[in-house]
Amino acid sequence: MIEVLLVTICLAVFPYQGSSIILESGNVNDYEVVYPRKVSALPKGAVQPKYEDTMQYELKENGEPVVLHLEKNKGLFSEDYSETHYSPDGREITTYPSVEDHCYYHGRIHNDADSTASISACDGLKGYFKLQGQTYLIEPLKLPDSEAHAVFKYENIEKEDEAPKMCGVTQNWESDESIKKASQLYLTPEQQRFPQRYVKLAIVVDYRMYIKYNRDSNKITVRVHEMVNHVNEMYKPLNVAITLSLLRIWSTRDLITVQSDSKVTLGSFGDWRKTVLLKQQSHDCAHLLTDITFTKNVIGVAYKKGMCDPKLSVGLVQDYSSNVFVVAAIMTHELGHNLGMEHDEDENGKKCKCDTCIMSPAISDPPAQLFSDCSKNDYHTFLTNSKPQCILNAPLRTDTVSTPVSGNEPL
C-alpha cells in the first residue's frame, strides 16, 4: 500500500507581490507567493522515503481549494540509463547513476478532468499545471531560510517582440535516403491488444550549451530531466512512454560540426548517431540540444517518419528559452515528426488549422500541450504502414509505466 503525503500550501502576501521579478523561467510581472507546508499522513515516527510515490498538494485559487494529486513518473529513466561527459584530454567518462528514487512527478487537479501537471520536487516544487484551461508555473523563490514559491500564469512571463519561431520541417522536405522497412515484423496478439509504445530517448548536449550554463554539468542534467519529464507528460494521451535512455554532454568540444544550417547539422548528427552513439548504447531516437542560432528562425527540425532508422531517428532542438517548459514543447513537436506526424497546417493552409496544437509549424504562446486529431491520425498511420519495431519493446523495469491519473479519481 502506498502511503500518501498531504501538503498544504498557504497563500500569503509577499512584500513585492505583483511586481516584476526575475526567476529561472524568465522575467515575471505578476505572480502569487505560496509557502508549502507538509502534513504527512504517515504514522508519527514512521520513516519517510525521500521522495514519496504519491503526493497531494492543496492550494487556494480565488479563495477555492485546489487539490493537486501527483504520482512519481516511474517511466522517466530506462534501466540502463547512463550519463557521459568528457575529460580535458577527450576521454569519455560514463556513469550509471541510481535513478529509482528520483523526484519527478505527473498529476492532475482533482475534479478537473482536463487538467495536467508535470512537477519536479527535487529542490522545492518546480514545473507546471493546467487548471481550467489555464497554464500555471510554479518554482521556488531563492530566498535564504524561506520556503516561498512563486505561482504565475505563463502569459505573465515577459517576452521580447521577435519573429515567430519555426520548425525547420517543410511540407516537401524529406531526407535523401529512404527509410528502411526491414524491421516490419509480425505483431503478436498481445502487442495488438496493448498498443502502448515506448521510445528510449537519447539526449546529446552540444558544447555551446555547456558553455551557456557555465560548464555546470549538474545544472544541465537537472534541466534535461525536467524537460523529458514534461515531454513524457505530453505524450501520455497518445499512449507513448518517453524514457530517457542516456544523456551525453559534449563538455570539451562538439563531436560533429554544429552549424546554423539546421538540415546540414541534422544530417551530420544522424551520421554520428548511426556510426558512433548507436553502437555504444541501445536507444530508439536521439535529439541534439544546442545553443546555436539556426537560420530562418528555426528552433527545431527532425526527419519525418524516421523513428527506428539508424540514421534518421534524430532531431535538433534549440535551447532558446530559459523556460524549460517551452523547450520541452519544441522537443515534443520534433519527436512528433519522428513518429510520422505532419504539421497541422501545411504551406497551402490545408489540413488541420490548429494554432494551439503541438504540431503547429510555429510555436504557440503559450506552448501547446495537446495533439490535434490530425496528428493522432498521422501517428496511427505511421504505426500501421511503417510498423516501427524498436518502440514495441517495453522497458525492463516492471514498474516503469504508471497508470495515468484521472482528474476525477477519488484521492
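FYI, residue positions are counted from 1 along the chain as it appears here.
A Cβ is built for glycine as well, from the same backbone N, Cα and C atoms used for every other residue.
Within 10 Å of the C-beta of Glu334 (active site) we count 26 further C-beta atoms, all protein chains included. In the three-state DSSP classification, Glu334 (active site) falls within a helix. Per Swiss-Prot, the feature active site maps to Glu334.
If you look up Swiss-Prot, you'll see Asp284, Cys390, Asn393 marked as Ca(2+) binding site.
Under a cutoff of 8 A between CB atoms, and with a sequence separation of 6+ in the same chain, the neighbours of His337 (Zn(2+) binding site) are Cys167, Val169, Ala302, Tyr303, Lys304, Lys305, Gly306, Gly315. Per Swiss-Prot, the feature Zn(2+) binding site maps to His333, His337, His343.
The disulfide bond annotation in Swiss-Prot covers Cys308-Cys390 (among others).
In this structure, Cys374 (disulfide bond) is part of a helix by DSSP. Sequence annotations record features per position, and here Swiss-Prot assigns disulfide bond to Cys352-Cys374 (among others) based on sequence analysis.
In this structure, Cys354 (disulfide bond) belongs to neither helix nor strand by DSSP; it is coil. The disulfide bond annotation in Swiss-Prot covers Cys354-Cys357 (among others), and the record cites sequence analysis as its basis.
Taken from Swiss-Prot, the feature domain 'Peptidase M12B' covers 197-395.
The signal peptide feature in Swiss-Prot is assigned to 1-20; the stated evidence is sequence analysis.
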**Study point:** Candidate recorded positions Asp284, Cys354, Asn393, pick with smallest Cα gap to His333 (Zn(2+) binding site)
**Key:** Cys354
Check your understanding: Which entry in the list of disulfide-bonded residues, Cys308, Cys352, Cys357, has its Cβ near the fewest other Cβ atoms, using 10 Å as the limit?
Key -> Cys352
Point to revise | Cys354 (disulfide bond) CB neighbourhood, other CB atoms within 10 A | key: 20
Review point. With every protein chain in view, how many other Cβ atoms are within 10 Å of the Cβ of Asn393 (Ca(2+) binding site)?
Key: 12
Review point. How big is the Cα-to-Cα gap, in Å, between Cys390 (Ca(2+) binding site) and Cys308 (disulfide bond)?
Key: 6
Point to revise | Other CB atoms, at most 10 A from the CB of His333 (Zn(2+) binding site) | key: 30
